[in-house]
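A short worksheet on the structure shown next.
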Amino acid sequence: MFYHAYNSYLENAYPYDELRPLTCDGQDTWGSFSLTLIDALDTLLILGNHTEFQRVATLLQDTVDFDIDVNASVFETNIRVVGGLLSAHLLSKRAGMEVEEGWPCSGPLLRMAEDAARKLLPAFQTPTGMPYGTVNLLRGVNPSETPVTCTAGVGTFILEFSTLSRLTGDPVFENVARKALRALWRTRSDIGLVGNHIDVITSKWVAQDAGIGAGVDSYFEYLVKGAIMLQDEELLAMFHEFDKSIKNYTKFDDWYLWVQMHKGTVSMPVFQSLEAFWPGLQSLIGDISSATKTFHNYYSVWRQFGGLPEFYSIPQGYTVDKREGYPLRPELIESAMYLYKATGDPTFMQLGRDAVESIDKISRVNCGFATVKDVRDHKLDNRMESFFLAETIKYLYLLFDPENFLHNSGTEFELGGLQGDCILSAGGYVFNTEAHPLDPAALHCCSRYQSERRELQDILISLSEPLRPATDQSEETPGAGGSRESIALKPGERRKARVLSCPTQPFSAKLAVMGQVFSDNS
């Protein structure tokens, strides 16, 4: 299934963002950077195709340019492009690519991800720190841009941006992501819920429907996954508070409805296909019983139609008008993979089998797989979104491949980092919301390296400063003891306050400075 879709894209749509499978051509949808190729790159490696991964990774470096006059979705560019490039960077050594000295803290794919993310930073320059929904990659935010952004568009950056900050040593990405998360947290209602769309200038809620589906979903997902990847108690505490309110006000008979965020009254008694990620997320916090019950509700809808309609009326037990489509979304399959991994219950694998059979039977056309326009009669639409290769196929494959390296529980690993002493690829991968796996160990490795580099700089600065009497607090003047240029600072760079005193604080790497050796236990 993967290669039928992937080869169809290469033959008919590249270098456009997406394949149009009914007319066998392509279209740009999210920014004109061969999006399907970026999104599918790590899937190639997960399927074991090292040679094609290497070819595409090199091709992207040579052809993709983010310095273009295009209005791009901040949210979609982050999860698909930045996330896809970060994942490919972290997996490049496993794919047999020659990596730079110091990988994973440097590399061409990492620089591409950083370049793409920098194009998004102007969106965060708001009074609240919450980002605009759209940014021009060349010119920044358009002065006429609407300040209204969906909740997920504010709260879905901490995984990619903290990964970037910790790999590169530039804190700006993690800082803006955290500021946005905290600003969103402060806007919750008295009963602990958030709405669907917010004004990023005034912090006023424009759409006050509260739920776990479209426009909100990945905000909750990133609180949990951010907490896991960064070992961050603040993020986990935020999620647990939201989880209490969600269970109190939106959960009915193991379904989750939409309610008014201030009153808790039901506003939409519907199930949205995007909500199907929730049982998988619950499995990550150990709530297996609740996750399983909700999953079975969602699975019953799949069996009814051979796919999940975008909206499903719970009281009527049927599709909602004008929301009958199924764009080959991955969320229910994602939950099945997590829950099968957690329980070993074959019911979850059965959903995978149903998904393979129904997608192959309903959606396969000569040029790939087509979106289902209407799950009632299985009419098709002329689109194959990039997430079909990035997520749907990937989660299906991982469900049926328990020996895949992504399921590693620490029995295998590789060494990396400047000293070759970082343990990487040992398991515990965290998937971003586009199913791009990130290795938390790489963040720790590079954070440690950046910290040691700063400590070393402070030592060298102190050694290049002349001694002065303890009572003399004045600035040095030429000829009064002699000022020499620091060997650790670049021209024009200002010295930061010292954070390390060598005789009293441990230094975590072996180092010789002017003949004196500092080791781990000195």
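Glycine is no exception: its Cβ is also placed from the backbone N, Cα and C atoms.
Note that this is a predicted model, so its numbers are computed, not measured.
Annotated active site, proton donor per TrEMBL: GLU76, GLU310, in sequence order. Per TrEMBL, active site is recorded for ASP217, GLU331. What TrEMBL lists as Ca(2+) binding site is THR433. The region 'Disordered' annotation in TrEMBL covers 467-494.
Cα of GLU310 (active site, proton donor) to Cα of GLU331 (active site): a span of 12 Å. In this structure the C-alpha atoms belonging to ASP217 (active site) and GLU331 (active site) are separated by 11 Å. GLU331 (active site) sits 10 Å from THR433 (Ca(2+) binding site), taking the CA atoms of both as reference points.
Sequence-distant contacts (6 or more apart, same chain, Cβ under 8 Å) of the residue listed as 'Ca(2+) binding site' comprise ILE79, GLY83, THR156, LEU159, ASP217, SER218, GLU221, TYR222.
Around GLU76 (active site, proton donor), the C-beta neighbours below 8 angstroms that are at least 6 residues distant in the chain are TRP30, GLY31. The least crowded of the active-site residues ASP217, GLU310, judged by other CB atoms within 10 A of its own CB, is GLU310. Other Cβ atoms within 10 Å of the Cβ of GLU331 (active site) number 25 in total over all chains.
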